[in-house]
């Protein structure tokens, strides 16, 4: 019962991000010391003045002498002005415009603001951009300290340039394969489980099961639950935007719990077939369990939790932690797609359309509402630029850029795809395969809906490359999947049954008692897998017993 109540909350929290995008270094620039070619990362705004993309076309400039000042008052300017040097200023006390204007008036070739706070794009308004014609960039505290030490060791000339990265990268292909593979694999698995449930008259087979070899408990999604999902996701996304540095740790904890459960559920059927570790854990080590689990499943459970803990500890190691995050995310999505069932195409359409509007609103509409002009979805998905925690939400598949780039000296850019872009269309693909099973339609709905999902995701990536902006992936996925399924059902003259889900619901109700026998905890497993008896929930039928004479 607790799991059934927890499912809507967990799914709502992890459906927050329905977004596909690349964290693009479009405003990153590099500062290179001419003497030793040491390169530093800066954040600049091309609206003040453009920097050359090629370092060979950049003009060397001297760093201004003396310690950096706030550069807000004329007294902050060194005697004699800057005379073509790069002006150095500390952040704060006045706007970027006042610093840049003062530097430009006194002959600076560029302004470099040294910041002890998280970097933000040095912005202004249209009038201010027209008045100032020198590049303005921000440098982080660590890089600034190193650069100033190099300046004290001798006069330094620097190059400022802003290399551009290729719009295409192999990481898109990897994310595409992971997303489509997860939807196709989980939907196929869910359909096969449904097929075995039907063919065995309500007793699921152990070959395609979940925990302990049995099929995981399924959760039908009602219209009320759909509304709960969307409402909870909306509230949580808004709260995350305003209280990101606090709530991000709650999301990380939920992700660890949910993903370790998903990984266990995916691997348990394979481990259950192993001949090793079939003996059970001593009852003294599992006093709270009605039946101690087999050793092999206990070891698997500990390993899955340990995997999530390792990710949590090293989650900010950009070089390799993304592999663990993607593995845990795929396992979680696979588990949820097997557990959450839509009763009809009508319910699927309601869910997809509501989240379609949700996605568009939080990506495209919120920039016109928020005072800073930022998209709530993009800010939350990629992490607010002014976040003090520097944490990132884990509810995304992420892959770093695989092509070499000069900007690799800056923070490693990742391509992102939110779990919502897998789970939301995925529940429709699962429903299609279940409908195939109950109508013996040769997997036509499953195959076409999977292809439609793949095409929709491909269109998302094309839009991402062309616009170089984060895209609400459901904007493309929902029309592709919903319209394709509607066309197939209409072509087969099954649209009324497909819309109402009458065939699926009728057969599911006929098998309800059989499904109840599969709702097992960690300490119970099916007798044909682990040797434990499963009580019959039907009082009029004979009770299963280990006694052959019963």
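Counting begins at 1 with the first residue displayed.
Cβ atoms here come from the backbone N, Cα and C positions, even for glycine.
Any TrEMBL annotation is an automated prediction that lacks curation.
Quick look at what TrEMBL annotates:
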- 1-26: signal peptide (SIGNAL)
- 70-144: domain 'PA' (DOMAIN)
- 173-191: transmembrane segment (TRANSMEM)
- 226-244: transmembrane segment (TRANSMEM)
- 250-272: transmembrane segment (TRANSMEM)
- 293-314: transmembrane segment (TRANSMEM)
- 349-370: transmembrane segment (TRANSMEM)
- 444-467: transmembrane segment (TRANSMEM)
- 473-491: transmembrane segment (TRANSMEM)
- 525-550: region 'Disordered' (REGION)
The domain 'PA' (70-144), counted residue by residue under DSSP: helix, strand, coil: 23 helix, 14 strand, 38 coil
Chain residues outside the transmembrane segment (349-370) and at least six past its termini with a C-beta under 8 angstroms from it: 15, 18-19, 221, 223, 226-227, 229-230, 233-234, 237, 342, 376-378, 420, 424-425, 427-428, 470-475, 478, 481-482
Reported mean pLDDT - the domain 'PA' (70-144): 88
